[in-house]
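> Structure in structure tokens, see below.
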Amino acid sequence: MAFKQLFAAITVALSLTAANAAVVKEKRATCANGKTVGDASCCAWFDVLDDIQANMFHGGQCGAEAHESIRLVFHDSIAISPAMEAKGKFGGGGADGSIMIFDTIETAFHPNIGLDEVVAMQKPFVQKHGVTPGDFIAFAGAVALSNCPGAPQMNFFTGRKPATQPAPDGLVPEPFHTVDQIIARVNDAGEFDELELVWMLSAHSVAAVNDVDPTVQGLPFDSTPGIFDSQFFVETQFRGTLFPGSGGNQGEVESGMAGEIRIQTDHTLARDSRTACEWQSFVGNQSKLVDDFQFIFLALTQLGQDPNAMTDCSDVIPLSKPIPGNGPFSFFPPGKSHSDIEQACAETPFPSLVTLPGPATSVARIPPHKA
């Protein structure tokens with residue numbers, strides 16, 4: 001379904017839910033564990049939740065397993081092309097789990113390198129609980145985000161049928177693609193515009209890279225990879241000065257902090273006139289970050305699906321955790337200041353931020369998957 005149609009469907013659904021709640025008591029079902037949901041079919045997902053929190057996310061941590069589960073959502077969902085369909089070619093099924101069903105094919109695609117590990121990690125849970133791969137990928141991604149302090153309250157809908165064929169290669173954006181290429185790709189996938197593209201990249205707030213630089217693993221995109229905040233949007237605007245590893249890798253540019261990786265697409269989107277002001281708008285604005293990402297994540301997980309035929313099981317997703325402490329949502333790390341910013345938005349100045357005290361340090365790597 002095209003994004004604008006999807007937007008209308010989601011908006012109507014949310015409006016009807018609010019209206020119904022104001023008139024009559026919402027119809028609920030009570031599960032065996034005593035928790036209530038809007039639809040009885042959602043009860044089975046509590047067993048899945050308990051299992052993956054204990055045995056995949058190690059007690060609800062926002063670590064490597066969570067980061068890779070979030071990445072898997074995007075790589076599965078974005079693989080859809082109405083433009084190819086219009087030419088009589090199969091354009092992929094979007095959020096249909098094809099990357100897991102046809103993993104030997106799709107994880108070999110260049111932008112999906114490294115995802116074979118998270119697919120292998122998730123497959124046993126799919127088989128154990130008898131859910132579809134598409135539903136599980138969306139569920140695991142939503143739960144993973146709920147484990148990261150500061151993330152939105154995530155939504156989750158079921159009803160994705162198993163993919164019947166693999167998505168074509170070439171539909172997942174690469175770190176070395178131009179801004180024009182990436183905007184065109186997301187516009188084809190769901191009629192997303194350049195602003196909504198920036199919303200998608202909020203996921204890099206809780207992410208790391210294992211395969212851009214072959215000499216080093218677990219390189220985060222910002223200094224707070226375990227927290228869903230706007231530091232990613234601050235630190236990508238620092239003037240690039242160094243590489244965290246070997247350097248000179250395809251799709252990598254110099255970052256502004258030791259131990260932190262910066263991919264070419266993030267660097268150029270932060271500075272392109274079409275996206276720079278939206279990029280900067282998240283700095284110091286946690287509520288905008290949360291609202292926009294909550295919407296775009298749901299939209300992505302419903303690409304290729306009919307939202308009206310899906311079941312809302314958002315009740316199963318844990319409450320998101322608040323950002324710990326009383327510190328600012330955006331800040332300059334120790335040793336950094338406004339003079340390190342490469343101002344790109346021509347409409348408004350870069351926000352005034354505090355610099356945290358202490359000496360400048362290297363950003364720690366993300367530990368690999370736990371056995």
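Cβ from N, Cα, C; glycine included.
Owing to the predicted nature of the structure, the values given are computational and were not obtained by experimental measurement.
Just lifted these from Swiss-Prot, have a look:
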type	residues	note
ACT_SITE	HIS75	active site, proton acceptor
BINDING	ASP76, GLY94, ASP96, SER98	Ca(2+) 1 binding site
BINDING	HIS204	heme b binding site
BINDING	SER205, ASP222, THR224, ILE227, ASP229	Ca(2+) 2 binding site
CARBOHYD	ASN285	N-linked glycosylation site
MOD_RES	TRP199	3-hydroxytryptophan
SIGNAL	1-21	signal peptide
SITE	ARG71	site 'Transition state stabilizer'
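Map the listed features onto the structure and describe their local environment.
Around the Cβ of HIS75 (active site, proton acceptor), a 10 Å sphere holds 21 further Cβ atoms from the protein chains shown.
In this view, GLY94 (Ca(2+) 1 binding site) is surrounded by 27 other Cβ atoms within 10 Å of its Cβ, with every protein chain counted.
Counting only same-chain residues at least 6 apart in sequence, those with a Cβ under 8 Å from the Cβ of HIS204 (heme b binding site) are PHE221, ASP222, PHE232, ASP266.
Proximity of ASP229 (Ca(2+) 2 binding site) to non-local residues of its own chain (separation of 6 or more, Cβ distance below 8 Å) is seen for GLY150, SER205, GLN286, LEU289, ILE323, PHE329, SER330, given in sequence order.
Applying an 8 A CB threshold to same-chain residues 6+ apart, the list for ASN285 (N-linked glycosylation site) reads SER230, PHE329. In the three-state DSSP reading, ASN285 (N-linked glycosylation site) counts as coil.
TRP199 (3-hydroxytryptophan) falls within a helical segment according to DSSP. Around the Cβ of TRP199 (3-hydroxytryptophan), the same chain contributes ASP292, PHE293, PHE295, ILE296, each under 8 angstroms and 6 or more positions distant in sequence.
Residues within less than 8 Å, Cβ to Cβ, of ARG71 (site 'Transition state stabilizer') and separated from it by at least 6 positions along the same chain comprise LEU115, VAL118, ALA203, ALA207.
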> If H, G and I count as helix, E and B as strand, and all else as coil, what does DSSP give for THR224 (Ca(2+) 2 binding site)?
coil
> Roughly how many Å lie between the Cα atoms of SER98 (Ca(2+) 1 binding site) and HIS75 (active site, proton acceptor), rounded to a whole value?
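That separation, Cα to Cα, works out to 10 Å.
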> When you put HIS75 (active site, proton acceptor) at the centre and draw a 10 Å sphere around its Cα, which of the binding-site residues GLY94, ASP96, THR224, ILE227 have their Cα inside it?
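For HIS75 (active site, proton acceptor), the binding-site residues whose Cα atoms are within 10 Å come to GLY94.
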> Cβ within 8 Å of the Ca(2+) 2 site's Cβ centroid: which residues qualify beyond SER205, ASP222, THR224, ILE227, ASP229?
GLY150, VAL206, SER223, PRO225, GLY226, PHE228, SER230, GLN231, PHE232
> Within 10 Å of the Cβ of ASP76 (Ca(2+) 1 binding site), how many other Cβ atoms are there?
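Other Cβ atoms found within 10 Å: 36.
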> Consider the binding-site residues ASP76, GLY94, ASP96 and say which one has the Cα lying nearest the Cα of THR224 (Ca(2+) 2 binding site).
ASP76
